[in-house]
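What TrEMBL records for this protein:
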type	residues	note
DOMAIN	3-71	domain 'PglD N-terminal'
BINDING	7, 8, 9, 60	substrate binding site
ACT_SITE	125	active site, proton acceptor
SITE	126	site 'Increases basicity of active site His'
BINDING	134	acetyl-CoA binding site
Ligand SMILES: CC(=O)SCCNC(=O)CCNC(=O)[C@H](O)C(C)(C)COP(=O)(O)OP(=O)(O)OC[C@H]1O[C@@H](n2cnc3c(N)ncnc32)[C@H](O)[C@@H]1OP(=O)(O)O
């Protein structure tokens, strides 16, 4: 397995692979200034042979992860999870998604491509996550919540059952979301209030 992204997020992905005894073949990064990652020499232009192994896109920023995914010409890994994550057999996760230590994904949930379910996050029953969503550490999505493409739910945020959160929105750390949130909104506080909208050019 390859890791694309010699970053802090990449280090946690590295630990996930180690926890599953998956061999790490190569580490890629576009940034020429990043030369080393843990015990690896970083590869800036992977060759055809190196691209034959499945790769995890370990890029924390949702928009950049989408850009990289759109031009990546290798094989994307299946969803991967740390051994300590609890994932229902009745849930589904698409390729490229990563699940960090201690996260919980309950029955009936459907998770798209290249999502991040970060450490200790709870994704309750029947949740729907579109592609490139990031659920930050210790955030809680209760039953039947949906989150559209590219949205980040900040660390420790809570979302009550059935709420629909739009695309490319940003839910602040610790926010409590009790009503639907439109696309591109930035929301903070308890109860969550919209403070601004993000640029729509995604
Ligand atoms: C493993 C990992 O590290 S995963 C990473 C997880 N990351 C996170 O959880 C980050 C979540 N991000 C946040 O909470 C951010 O503060 C955001 C996205 C909500 C806002 O960020 P910015 O757009 O930079 O907003 P900015 O810092 O300018 O703050 C704007 C206002 O909102 C307030 N504010 C910002 N964040 C919050 C918050 N979480 N809760 C309450 N108020 C907040 C600020 O105090 C400021 O108020 P003021 O205008 O009265 O001074």
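Cβ atoms here come from the backbone N, Cα and C positions, even for glycine.
Not measured: the values here are computed from a predicted model.
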Between the binding-site residues 9, 60, 134, which lies closest to residue 125 (active site, proton acceptor), Cα to Cα?
134
Hey, of the recorded positions listed (9, 125, 134), which one tops the CB count within 10 A?
134
When distances run from the Cα of the residue listed as 'acetyl-CoA binding site' to each of the recorded positions 7, 8, 9, 60, 126, the nearest one:
60
Please report the Cα separation of residue 7 (substrate binding site) and residue 126 (site 'Increases basicity of active site His') in Å, rounded to an integer.
32
What is the Cβ neighbour count of residue 8 (substrate binding site) at a 10 Å cut-off, with all protein chains included?
9
Find the average pLDDT over the domain 'PglD N-terminal' (3-71) in the predicted model and report it.
97
For the domain 'PglD N-terminal' (3-71), how many residues does DSSP put in helix, in strand and in coil?
25 helix, 13 strand, 31 coil
Looking only at DSSP and grouping its letters into three states, which state does the residue listed as 'acetyl-CoA binding site' belong to?
strand
Would you count the other C-beta atoms found within 10 angstroms of the C-beta of residue 60 (substrate binding site) for me?
17
Setting 7, 8, 9, 60 aside, what same-chain residues sit with their Cβ within 8 Å of the center of the Cβ atoms that define the substrate site, listed in sequence order?
5, 10, 11, 12, 58, 59
Cβ packing number for residue 126 (site 'Increases basicity of active site His'), 10 Å threshold:
19
How far apart, in angstrom, are the most distant Cα atoms among the substrate-binding residues 7, 8, 9, 60?
9
Within 10 Å of the Cβ of residue 7 (substrate binding site), how many other Cβ atoms can be counted across all chains shown?
18
